[in-house]
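Per Swiss-Prot, the features are as follows:
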SIGNAL    1-19  signal peptide
REGION    20-44  region 'Framework-1'
DOMAIN    20-123  domain 'Ig-like'
DISULFID  CYS41-CYS115  disulfide bond
REGION    45-53  region 'Complementarity-determining-1'
REGION    54-70  region 'Framework-2'
REGION    68-92  region 'Disordered'
REGION    71-77  region 'Complementarity-determining-2'
REGION    78-115  region 'Framework-3'
COMPBIAS  78-92  compositional bias 'Polar residues'
REGION    116-123  region 'Complementarity-determining-3'
Amino acid sequence: MAWTPLLLLFLSHCTGSLSQAVLTQPSSLSASPGASASLTCTLCSGINVGTYRIYWYQQKPGSPPQYLLRYKSDSDKQQGSGVPSRFSGSKDASANAGILLISGLQSEDEADYYCMIWHSSAS
């Protein structure tokens, strides 16, 4: 049985001022069911990924975005209610990026994926 490649789309956003953190994402990614996909959310220069929580959302056509997870560190992360563990977060400090890893891709994972950052001075 031949598998149709899975297409994952991303939002690119790189506008704003220094008072607003700015993110960029690749426009699309293709992968096959059963494979893994790594989605990146790169912060613009001058904004350190280490100080931010990265939030990930999935949106399917005709539906509102659904919260997947947030990730700041291994000790500061949260999985959305009912979100399978095959969705996980991490960071790449050298690339100044947050990462959403989806393992064991399934056809229902075809969607738009959005990242958002949140910075809190509270510990």
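Glycine is treated like the rest: Cβ placed from N, Cα and C.
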- line: Within 10 Å, the Cβ with the most other Cβ atoms among the disulfide-bonded residues CYS41, CYS115 is that of CYS41
- request: Over the span of the domain 'Ig-like' (20-123), count residues by DSSP class, listing helix, strand and coil in order.
  value: 9 helix, 51 strand, 44 coil
- prompt: On the 0 to 100 scale, where does the mean pLDDT of the region 'Complementarity-determining-3' (116-123) fall?
  reply: 69
